[in-house]
């Protein structure tokens, strides 16, 4: 298991930019001073992440301080060495950090991790370089302050547009006041108002040229430049060269076939029409099939197709050059070339293509290499700095030459050089001056070698050494603008101010030009302007704008006030306080309102004003205040710092090995700060994992069901919060079926053997245990594969023993513990020579299909045992134990029928194989029999003895063997039920049979019906069928026990009685003498005394009086004959509707209702209403008022229940009846008649009492349901509100 810890920077979330540092103070000729501007949040976060990454980069070891003790000795040693070696470097960096003016952002980064330092990848260096460059970028002024224009967006210098679209030339700028825009075209003023097609976007200088109403885009080609102007100056864009994309048509031409001698070189020229930009060239056939390229046939950089030597196979297709144009997305195809190859060997044998000496095999003369491109032995090439250098050498020769590249006096730059086009091209990316020199390519084959030298000169368009930056000064300050560039040849520098040459600008005594530098002294408000520096040579130019702004501004804070910054414990962080002011303010920090400035110890304040906390601790949590001060005033801001616990994976996923189809679980258990939201995600091979149907993601694990080969790879668990994250990685190895073997080859071809060689496929992490070789032949079973042999998994070559006269084709299957691979592609075919058969057909039989024939059959021989063409069989037969001569016949199939045979006579049979090469060995003799006839005799003296009511014993005399006329299979008894001894009982007379295999004289027939009359006949059976029937015998079975009573039903009409009903048994099996009923009461696990009742045979109903309404009953019923009781059937009485006690029901109701919100709310509303009515009544009484009183105090709730007295309960009649036995008084309370256990204080004004049989529960439940469904339809007396109204 490998673990990576790449935790996010502490305090990243919510942090803001630090104060700006004027990184060009020294270059601009003014003293270093505290910063005052910022590049914004984007640069801050970008730099922070990149320096974090550089700080923690180590692909092997990542250890947090908390994990230092758990590190291995080697890891600790590596870390200590790394820290020791880097201590001096870190001290130097810290001194540079303190001395270097800094842009805001780039806080000290990330978690404090102990780690072995290792060189980060190149992209990290590049990204950090960009970050550092951004720290010295242009100074920003808040947009609410006056400032000259600044170009923020513009089109590229070489602007190529699609002629089908409108033209867009971008130019955007910012400034205060907002700038106005105008354009020049070809260095002359471009009057937009005079051209209806041209417009300028609102609040922007972007030009839009609209062709929807017509016009030609080519008319607007030229060089454009944008000017952005306000009252403080003018900024210029680059000179934008506008060109319209072109995709001209290919000229029509008729191409004659190209005639070439096999082995000669050939160049097919493309010559595409010139396009803008240049088209992409590729070669295809006229049927749009790509041309296969290799080191012999390839396309050059110029688009031509080069053949180092032509082969006969090149004539099989034609060759068409295609050009794809970028803007129009069109492909133009040149007329196809056709080749006519002259050869000394006109047979294009594909087997010679991979021949080690293919050219000599085809009679092509070998020759030394020569260069097709470039020509000669030397050439030169010029390339611009920063571009790609492409060197190309294409050579002819037989055999095809190999190309190698070298640099004179040194090695090729390994980090930038790469080979293309089968080593025929060398590309060096991002060329610099060091890449100039002499390069040579060496083309060689076995006939010799040749070299070509290319002299490379590196020139350079201008590039910046020191680009001028915006200059912000206070009145009276000094400063400078520097414009330094390099190039080859050396570029010239031209200064302009507000778009005009500096020489023609009004004189300024405070300004001095010294070559590439402009010096300002004692600047005043009037010195504000935009300066342009234009540096150029013959290869290009650079144009930069830099304004000079003179401001007198008191300090101001640029970040939001009272920010909350959350950081991770033990990390290093930086609190930034971006501000602006002129003159530059000084900045101080305070914590929790303390009067002392924070600096020293765990705190460090940089010159740019940023506060660094080297290691965050819990006590560092608090409120930090930054105060910026200059002569014009002061400003302050506060930052609240919260310290959070780090996110850690304490149980990491482990490397696993799983078989295909099994289930795998990867654990990932995380500990994190509870105040932060945790997100756990998974990567597979460093890409986001798609959780499909076979995967289940939980908070602490990932489960994969039915693991497949595609699931193999590395799985990374990422536990992240808003502030940090932790990673843990594990590798899943899936044991899959092996890949198919490939490249089968037949060697050592012999008459009866061949060597088969193959290349094993990937074993997919499970070693190959076996190889199965299969073969297919095209004569007997074409397309059907058979196993030939099996070999160990350690071999990839085997000698196969072959049979004569088989056209073999082989394939190989690899086997491992998981399963078998797909079969390999088949080998080429190999046919062996013929021979006489070495075996005869197997499974020879002779059997009769009729009484006067015998059919001889055998298993035909397969292709590997035929040994020759025209396989046939010589069939011989004769009667056994006679001295007859052999009858014989030649058969091509697998059967022969001998006719006119006696009945069931044994024969000797022989079947011999024969082909055109001869006969097989002498065959073995097999005994067969002719056909059988029906038996002639029936069993005699059949005797029957009754064993019991369902079985009899049979005995008979066997028949004579000569009457069987075949092989005796069995004796068979046919019997049927004639009638029952019971009157009026219908019976089925379907015939049944009992078989007695072999030659035996007795047997038993069972499963008969008792108390019935039966008839029986006996026959003897051979292979042909039944013989004649014996004399019919009759017998009677005695009486037996009956089957179970049918449809036994238990009904409970009320709580006092249980009704039982049943039907007579389906099979009485005798004379019924009655029924026996046994029943017992039970309540849970308690059983009562068993009661037995006997009934007459005609009784089918019975009523049981319940002893109590709670117990249930279990009934067992059986029928009886004289023999005894038959099968019993058991049923139980239904369960009562509610088996709980009244107290339990009351408790459950209380728990269900009293805790409900609606009930509590209703009770509160009723109490409030009662209080209001009592107040009203009190007021009325105090005023002498009167209120009505009901004449009847007691109102019955409902009619009397006639069944209440005896305690019975009818489920069908009582379900919807109200409670009884209570009455309501004048004040709405309930008076109990018999019970003191009341629900008045608990229910909604309901009333009731318990019946003696506990039936109150059912009544109360029914009433409650009714009240819930009927709402206000309940009786007046049952509502507490109505009772309250009676008081009024």
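Any Cβ shown, glycine's included, is placed from N, Cα and C.
For 1-21, the entry in TrEMBL reads compositional bias 'Low complexity'.
Per TrEMBL, the feature compositional bias 'Acidic residues' maps to 1202-1213.
For 149-245 (among others), the entry in TrEMBL reads domain 'Ig-like'. Summarised as a single figure, the pLDDT of the domain 'Ig-like' (149-245) averages 93.
Summarised by DSSP class, the composition of the domain 'Ig-like' (251-338) is 5 helix, 32 strand, 51 coil. Annotated domain 'Ig-like' per TrEMBL: 251-338 (among others), in sequence order.
The feature domain 'Ig-like' is assigned by TrEMBL to 369-457 (among others).
The domain 'Ig-like' annotation in TrEMBL covers 462-549 (among others).
Among the features that TrEMBL reports, domain 'Ig-like' is placed at 554-642 (among others).
The domain 'Ig-like' annotation in TrEMBL covers 646-733 (among others).
Per TrEMBL, domain 'Fibronectin type-III' is recorded for 740-835 (among others).
The domain 'Fibronectin type-III' annotation in TrEMBL covers 840-933 (among others).
Taken from TrEMBL, the feature domain 'Fibronectin type-III' covers 938-1040 (among others).
The domain 'Fibronectin type-III' annotation in TrEMBL covers 1044-1140 (among others).
The transmembrane segment annotation in TrEMBL covers 1158-1179.
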Out of 149-245, 740-835, 840-933, which stretch has the largest tally of CB pairs under 8 angstroms to the domain 'Ig-like' (251-338)? 149-245
For the domain 'Fibronectin type-III' (740-835), the DSSP residue counts stand at 0 helix, 48 strand, 48 coil
Could you tell me how many residues in the domain 'Ig-like' (149-245) are helical, how many are strand and how many are coil under DSSP? 7 helix, 52 strand, 38 coil
Residue distribution over DSSP helix, strand and coil in the domain 'Fibronectin type-III' (938-1040): 3 helix, 55 strand, 45 coil
